[in-house]
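Have a look at the structure below, then the notes.
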Amino acid sequence: MTGRDLLSELNPNQAEAAAHFEGPALVIAGAGSGKTRTLIYRIAHLIETHQVDPGQILAVTFTNKAAAEMRERASHLITGSDKLWMSTFHSAGVRILRAYGEYIGLKRGFVIYDDDDQLDILKEIMGSIPGIGPDTHPRVLRSIIDKAKSNLRSPGDLDKWPEPYISGLPRDAAAEAFRRYESRKKAQNAIDFGDLITETVRLFQEVPGVLAKVQDRARFIHVDEYQDTNKAQYELTRLLASRDRNLLVVGDPDQSIYKFRGADIQNILDFQKDYTDSRVYMLQHNYRSSARVLGLANKLIENNTERLEKTLLAVKEDGMPVVFHRANDHRGEGDFVAEWVTRLHAEGQPFNKMAVLYRTNAQSRVIEESMRRVSIPAKIVGGVGFYDRREIRDILAYARLSINPVDDVALRRIIGRPKRGIGDTAMDKMLTWAQINGTSLLVACANAESILDRGASKPVEFAKLMEAFSEAADNYSPASFLKFLIESSGYLDLLRQEGQEGQVRLENLEELVSAAEEWSSDNEGGIAEFLDDAALLSSVDDMRTKIENKDQPEDAVTLMTMHNAKGLEFPSVFIVGVEEGLLPSRNSLNEAGGIEEERRLFYVGITRAMDRLFLSAAQNRMQYGQTKSAEDSRFLEELGGGFDSIDGYGRVIEYRQKTWRDFSPGAQPAPSVVKNTSPLTAGMAYRGGEKVKHPKFGEGQVLAVSGMGEKQEVTVHFGTAGTKKLIVKFANLSKV
Ligand code: ATP
Ligand code: MG
């Protein structure tokens, strides 16, 4: 017992929610209102006041980082907090399947395939499926399969799909690919990310005894960010909570941003229907953001039509003005950010209190370069991460194959790294043999003498090497084992021959060994457990970031996508690329509900800011190697009314002049003319993404717009005539 009066550290609404004891409950509230804080205090309260055993409490969060943070916060509040089960859905799935997967036919030592491994399998099988052309990218199939899994659909469900096509592929072909993918994966004793949830659901459905066991370990269940659960996660939660019914979920429908991955906002909206006896708690005060920042966020999200209205009042004062900067191009935008970061830092703000958020990972490069020029330490979270690097994946594939000899995907990855004199023809023959005999490729290698006419000794040697690795796997710590692999596989020599680049790769491998070392100081288990964790590291995770920034001080500016920023907060936030085609993204323009989802994403971005918020857009941006003119995001206009002064067209001109001139270091003066969005000429004002018709070229889609009024030019892609640049005034275009 800490003897602390926990509930007094919350406001009355939060305290009421945190005091909730048994039965289902929903905490629904806007950003920064203390949902996560309330959830943690509720756990503390259960233990302190109701003497619930921490070993019977489960809290599911969105990222491992959030789980770690929760654990850290809980440790200050609760004695015995190390017994709490705090994890992501996926890590919970791994843990349950490792313990009980055998009940549904999963073999011990199964490995977890990531996105790339999935593609490897799909590439192999798709060629032989009628209806899937050579120009189909395996990614399309992967996304069909992932989506099916998030909705708990089987290949059989795709057979019965109501439309003849799924994502452009014939229904039967998609179903067949799904089916073959599953059986191939099963033969390789592997499961993918989606399976971590769906297989756990199946286990719970088919083996009630196991469900009961897990329920004993999770008598009180909490889910943070419930608005982003998909159907499979929903079902998993429902099954777990079905006996004791102590389920408390928190979320904000306005922050639902993972529809593209199958998240279903309806899960939170229907909570009261699913649990008719549930209590609902609303929180109405935002503790995070200045009143100005919050005002903008509220103003923006009101433009969504499909939403549940909520009150969100600022606790903080007005605070500093929000700065908007329209740079000439993307480099200018990067410099704007760098200048402000320098300035804030000079005023005493540490770099790690600042974050730059963007829509797509590709935007990070320019920002990073601008920062580097003036020696600002920055860390990119996400993107091509440490664990996606070739050498890391190679060594981890060696490790995987060592503990799971039927992992053909891993074998194919490494058999030629380093080169072992096993050619394509030999591989093909062994593959066929393996298929006919229903064995793995490694078994084929071991039997090469009866398969190949010549050169059989090479595969046999490889099989022997792998056998030695398998034996060693159990006897070494993860770090020593990885080191052993790097040295004994020939990989080290390979890199030594690669000069400078090899040296960099070698350093990364050394870092991998250190990561494993570090992992062992916090975790129990051998290489298999380490591999599980490495596979689960999501892009916002600590371990990954730490490794990526090994040479950098802890004090660095965070660069990440708005998706990755969910749940986090920073005193200063920059949101860059607030442009049409980026935010909202080009793809979203063609999807039902797309704009609303993008608006929620922007809302998430804005509400990460505690004190200072900077927005920026570029007028010209390089994309796919071409510089194109860019337009301010429509969302900026929607924010217009949230400022003190706006121009006649509802634009934030006055505000911008004030902040731009007064605050923005080294900025050019504001243009005297605002881009034309006058209602009078609105008929001519085209936007990127719009569908238009030309008397000669037919129908097309606007890619870019430049200039204004009489001089406005549009770049249009026409289905038949290709891409044309046209002056609007003369082109005789009409909107479709
Ligand atoms: P999001 O929707 O972004 O996930 P949230 O609703 O989970 O936000 P929290 O992260 O829990 O909000 O809280 C936001 C900030 O406000 C945190 O810094 C938290 O410590 C602070 N806060 C919340 N409630 C209180 C309170 N009653 N007193 C002081 N600070 C509070
Ligand atoms: Mg939260």
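Backbone N, Cα and C atoms are what each Cβ position is placed from, and that goes for glycine too.
For reference, TrEMBL has these:
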- 8-290: domain 'UvrD-like helicase ATP-binding' (DOMAIN)
- Ala29, Gly30, Ala31, Gly32, Ser33, Gly34, Lys35, Thr36: ATP binding site (BINDING)
- 291-567: domain 'UvrD-like helicase C-terminal' (DOMAIN)
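All features noted in TrEMBL, drawn onto the structure.
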residue: Ala29; record: ATP binding site; CB count, 10 Å: 25
residue: Gly30; record: ATP binding site; CB count, 10 Å: 25
residue: Ala31; record: ATP binding site; CB count, 10 Å: 24
residue: Gly32; record: ATP binding site; CB count, 10 Å: 27
residue: Ser33; record: ATP binding site; CB count, 10 Å: 29
residue: Gly34; record: ATP binding site; CB count, 10 Å: 24
residue: Lys35; record: ATP binding site; CB count, 10 Å: 25
residue: Thr36; record: ATP binding site; CB count, 10 Å: 20
Among Gly30, Ala31, Ser33, Lys35, which binding-site residues lie by ligand 1, judged by Cβ under 6 Å to any atom?
Ala31, Ser33, Lys35
Inside 8 A of the center formed by the CB atoms of Ala29, Gly30, Ala31, Gly32, Ser33, Gly34, Lys35, Thr36, which other residues of the chain have their CB, for the recorded ATP site?
Asp252, Leu283, Asn286, Tyr287, Arg288
Measure from each Cβ of the binding-site residues Gly32, Ser33, Gly34, Lys35, Thr36 to the atoms of ligand 2 and list the residues where some distance is under 6 Å.
Lys35, Thr36
Determine, from DSSP, whether Ala29 (ATP binding site) sits in helix, strand or coil.
strand
Taking only the residues in the domain 'UvrD-like helicase C-terminal' (291-567), give me the average pLDDT of this model.
86
